[in-house]
Amino acid sequence: MAKDRTRETCILRVACAALTLLSLALIVTLIVVTTKGKREALGDGTSSRQQDDCPEATKLSASPVRSAGLYDDLSKDEIIAVRDYILQQPSLNLTAYENAALNDNYIFLIELKQPPKDKALDFLDHENAPKPERTARVVIYNGGKKPSIVSEYLVSPAGNPIRHQEIRGPGQKYPIPFDMRALDGKEAEVTERIVSNAAKEANKLLRESYDGYTYDGCTDRCLTWSGSGPGEFGKRGKWIWFLRDLQGNYVQPVGFELYLNTQGSDSTLWKIEKVFYFNSSFDSVGDLMDAYTNGSIPKVFLPAPSYSSDSPLYSSLLRRGEPQPPIPLRPPRIVEPDGKRYTVSGRHVEYMKWSFDFRSRSSSGLQLFDIRFDGQRIVYELSLQEAAAFYSGWSPMQMQTDYLDTAWGMGSSKFELVRGTDCPDTATFFDTIHFVDAIDPVKYRNSICLFELDLGLPLRRHFDNNFQGGYNFYGGMPGSALVLRSISTAYNYDYIYDYLFYPNGVVEARASTTGYVQATLWTPNEASYGNPIHPWVAGTIHDHLLHYKVDLDISGRKHSYETIDIEIENITNPWFPQARRVQKVLRRNVKKTEQDAIYKQNFEHPKYLNFFNKGIVNKMGVSRGYRIHIRDMMKQMYPKDWGIVNGAAWTENQMTVTKWKENEETSSSIYNQNGMHDPVVDFARFTEDNEGIEDEDLVAWVTVGLMHVPHSEDIPNTATAANSASFYLRPYNYFDEDPSMSSHDALLILPNKGGADINRFGTPQEPGCRVKDKVLDFKGVYGTK
Ligand SMILES: [Cu+2]
């Protein structure tokens, strides 16, 4: 038995040795394969061929889209159909844009009129409800009428129009005074003629003062001009200022400015009423030239900026200075190893539990509708209404610049976005179509982008210390958000408008500013208003104020608004009755009326601003709410009786809450810029009737902004870092717990015998994919093709 056993052992030993050898061979093979795999993954250049490009498609399937076409901007065909229909109405006596002069009647703008909310909700929420008809809003400049006016019409159905109806308010002034219209090409043509003649008359002065830079008949040393707004109160007009026509002309001012009265539709009566040359002013160019020639004013010489290939022009965007990093290396990029995690159907987007629709209004830009989380509507409409920038300064142009950007094409000046710079390589792009001041609809290629962003900041994490040199568990989740972006470049400045959707139910609306500042010639008089941002160039103080509409529909249309006031109590300590205790205490303050709800920030009295539905509670019995959290609060400082304040009454407080009304669609208009003293849309009227706001359909109007005193680092461009303004919509007892707990992105690590159990909740880790290099396909053109 013992021998046999020995023999058995021996046989087993042979088998064991064989097995051991086999195992070793397998391990070696595995190591080789693994190492090879790792090399591939690291991309050491020897065997990367086996890696696939990162997928661009999504593995997700979108839900059926009931909203298709409900909010989509007008198509080219619809715009053409509406244009042709309106042109054929004999009673309107219109001239086609291409043949029209300022004193004719012609179409200025055609855009979608958003569907009435009642009808849109009925359609979205009821299977058998009819789809609201697509309707166009048409703006007509009636320079041919006496008196001249602007009129607006609704035309429907947009695809095949059969009827039109004039818009006569309520909600906006009727009729709209002609002098309150937004600038257009017809006006620009006349202005160019007048400015050109003035510059011709002043040619000698310009050439001698500006080191050879002139306007009339110039070849290489040329001046150009730009116009600001508004004019003197109650009178249409504008300051025009001259700039060297070089890269970055907005920071190349020369200190020659003209005030042009542009009242009425008879442009033969338009006249230059003031001329500013350095620190002197005159009633006409002739008067200035007489003074210049007879020596009664000093002749000033402004040297042309010097630049060369080694030392680029200060206003240009050529790289200069010590290279950083020392050798060119590419910045980090976003990779989508498993393809897109959002779906797009037309203008409908789904991401994680979020869904929404969007359009891009020609007047004021992106407008988001029907924002839902987990199928539940939270916001019916979220949209930018207006962007204001009120300047101060010594030079008349800078002093009298108070911009409201919807009048300057804030919505339609959204040009092509550059992949890899304006939006990540992985972004999805959308074209937009506008019909503003044009013969035909114009296509703006790739003017909106959508992408998922790696925030580089965990959404949440916890390291649970065991206080014995280790941990009990670690749990975390990388931060990511979906971003919808467009960039509005109305002349010098670029506003980047973002809407961000976070996985924990938070939405952020953010505006970031960049581009060129509006500069004026530096003289010591400007010192009270700003800084010399380059020799001879002044940047002066202005604010950037932005107004948003947030039509919340939390758990239904009816809800209430409360401030949760954080106050201080000074009490006898109930646990140590001989002691006192000072602590914070919450007082809920449900607002009853619109005026009661006007919110002005006061640091002595912090508040949460909460919207809730009284009847609907979470599992703790607390009303489910959404808070508006204004991160970048700003207040416009001018007194109420200062004329321009009427045109932007929304700048006076940080939030207004109104009872929803169909005719309070927007808080501003393309006409407010040139009618600030008596605006076409007067936001102050929204709360004048002081309606009750308890258990009503409520709209929050949010003001954010930033103050900008330009400094030398604004040359050549203002940078977005530290120059953005945003607010959040954030759940407040709306969910029973953090809804991001359902995300696969999370990670939970538990210690396990010196190692770690890593739980990724099924999210794949391998294999990696190769980042696909995308060709930069930028055309930069916008047109009718
Ligand atoms: Cu600024």
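Glycine is no exception: its Cβ is also placed from the backbone N, Cα and C atoms.
Remember, TrEMBL labels are computer predictions, not curated facts.
A quick note: this is a predicted structure, and the numbers were derived from the prediction, not measured.
For reference, TrEMBL has these:
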- ASP405: active site, proton acceptor (ACT_SITE)
- TYR493: active site, schiff-base intermediate with substrate (ACT_SITE)
- 80-156: domain 'Copper amine oxidase N2-terminal' (DOMAIN)
- 332-741: domain 'Copper amine oxidase catalytic' (DOMAIN)
- TYR493: 2',4',5'-topaquinone (MOD_RES)
- 41-60: region 'Disordered' (REGION)
- 12-33: transmembrane segment (TRANSMEM)
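Here the domain 'Copper amine oxidase N2-terminal' (80-156) is broken down by DSSP into helix, strand and coil counts: 23 helix, 25 strand, 29 coil.
TYR493 (active site, schiff-base intermediate with substrate) is 10 Å away from ASP405 (active site, proton acceptor) when you measure Cα to Cα.
Taken together, the residues in the domain 'Copper amine oxidase N2-terminal' (80-156) have a mean pLDDT of 98 on the 0 to 100 scale. Secondary structure from DSSP puts the residue listed as 'active site, schiff-base intermediate with substrate' in a beta strand.
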